[in-house]
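Annotated features in TrEMBL:
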TRANSMEM  12-34  transmembrane segment
TRANSMEM  40-61  transmembrane segment
TRANSMEM  81-106  transmembrane segment
TRANSMEM  112-133  transmembrane segment
TRANSMEM  145-162  transmembrane segment
TRANSMEM  168-186  transmembrane segment
TRANSMEM  207-228  transmembrane segment
TRANSMEM  240-263  transmembrane segment
TRANSMEM  284-305  transmembrane segment
TRANSMEM  325-349  transmembrane segment
TRANSMEM  356-373  transmembrane segment
TRANSMEM  385-405  transmembrane segment
Amino acid sequence: MENKKLSIASSVMWNTCGSTFYLGCQWLITVLVVRLAGLHAGGILTLAISVTNIWYAISVYGMRNYQVSDVKNKYSAGTYLYSRVITIGISLLGCIIYALVIPYSLEQRACIILYFCIKAGEAVFDCFSGMFQKNWRLDIAGKSMIIRGIITIVSFSAVLYLTKNLIITLLLVALLTAVAIAIYDIPRVRKLETLKFDFKSKIVIDLLIECLPLVIYSSLSTSIASIPRLYMERILGNELLAIYGAVATPVLIIQVGATYIFNPFVTLFAEKYNNNDIKGFLKILAKCIVAVCIISVIGLVGGALVGKWGLNLLYGSTVASHVDLLIPLIICTIITAVSWLFCGVLTVIRGFKGLVISNLTAVLTSIVLSPILEKSMGMQGASLTLALATIIEIVILVADMFIILNKKSNR
């Protein structure tokens, strides 16, 4: 099998470029849907994204950091792949049931289910990307994201422009995403790994049980941000949700960009931890925190200087009139990026208990505060809820991390 490893710098570069490009295309979709089909369609897409993010978290099972930090190859590539097919199937069923039970319109239900089909493709790619990362071939993952980003944005904009129908548009995007993965990713994974389903049920069940705390944590983590939006759709309505989602989407580049810088270091974190090199472990963590800080400063300055102009250019005056939402949302994304960093660290050091407790506490905070703050503060209440819940999460994560590292260094 072919394995031409890249340097850490090259891996970070390719992963960051590909991920940022793909994220940019996902963001551009939220701009185009408002421009091409109006705020009503924009609200439906925002709702679909918010709902499916929770089910996507279940489909990926929080397994990516576990997979790439499995440096001793406890589980085979086939086991990871087979487990992913199982979790996607369960998530799809759950998403369909949820969409049918909650009193959504037929259009909302169809868009939620179809958007999850797009996310299911991303879940398959996430498993493949873990294989690329373990082999230090994130250049393949980066190129894949660029290809799928181009396919997504071209097909979405063309079909929505011609049909003005969000259901048909999402259906076509889902189909093309699956084709792209089949043509580009699968042949390249086969050159690095023995890509076949491992049907040894006991091994797959062992993996799913071992990672159960991770899917609980990842589902809770996704819910922290989704809960305020789901309350917003009920309390403030579809159009205000569309406006909030439109303002929020560009700033996600800060949050996810920081995560893309961190992700390639997960395997290195695992190696340092397994070698009991706590000092080296903390040095890498410090570098990641510095990177997050730099991105945060750039985001805050950019938002303050060109925020209103950018929103007006992208969405028009209706959305731009809510520029006051921008800086609080940027702060929320920075806080969330920090929480994701420490969640990744706790996954590497197998601090599963701390992951679940911290995220469960944050979710409960979000459930309690969302209706209270949104009724009294409107859309700003959603941002304040997210910020407070995530800060509480970070405090618990950091405390648990130092407890585990201290025990490790004293052995």
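Don't overthink the numbers, they just go from 1 along the chain as shown.
Every residue gets a Cβ built from N, Cα and C, even glycine.
The transmembrane segment (81-106) makes contact with the transmembrane segment (207-228): 3 or more of their CB pairs lie within 8 A, with pairs spaced 6 or more apart in sequence. As a quick check, the transmembrane segment (40-61) and the transmembrane segment (325-349) miss the bar of 3 or more Cβ pairs under 8 A, pairs 6 or more apart, so the two do not touch. Packing against the transmembrane segment (112-133) from elsewhere in the chain are residues 11, 15, 45, 47-49, 51-53, 55-56, 59-60, 63-64, 67-68, 77, 80-81, 84, 87-88, 91-92, 95-96, 98-99, 104, 140-141, 144, 148, 167, 170-171, 173-174, 177-178, 181, 185-186, 188-189, 192-193, 263-264, 266-267: each is 6 or more residues past its ends and has a CB under 8 Å from a CB in it. A Cβ distance under 8 Å defines the sequence-distant neighbours of the transmembrane segment (325-349), meaning residues of its chain 6+ beyond its ends; these are 62, 65-66, 69, 214, 217, 221, 224-225, 243-244, 247-248, 251-252, 254-256, 258-259, 262-263, 266, 269-270, 273, 285, 288-289, 292, 295-296, 299-300, 303-304, 307-308, 311, 355, 359, 379-380, 383-384, 386-387, 390-391, 393-394, 397-398, 400-401, 404-405, 408. Nonlocal intrachain contacts for the transmembrane segment (168-186), taken as residues 6+ away from its ends with a CB within less than 8 angstroms of a stretch CB, comprise 48, 111, 114-115, 117-118, 121-122, 124-125, 128, 140, 143-144, 147-148, 151-152, 155-156, 159-160, 195. With a cut-off of 8 Å between Cβ atoms, the residues of this chain six or more beyond the transmembrane segment (356-373) that come close are 213, 216-217, 220-221, 223-224, 227-228, 231, 235, 343, 380-382, 384-386, 388-390, 392-394, 396-397, 400. Highest Cβ pair count under 8 Å relative to the transmembrane segment (240-263), across stretches 12-34, 145-162, 385-405: 12-34.
Note on the transmembrane segment (12-34): residues 6, 41-42, 45-46, 49, 133, 138-139, 141-146, 148-150, 152-153, 156-157, 160, 166, 242, 245-246, 249-250, 252-253, 256-257, 260-261, 263-265, 314-316, 319 of its chain, located 6 or more positions outside it, place their CB under 8 angstroms from a CB of the stretch.
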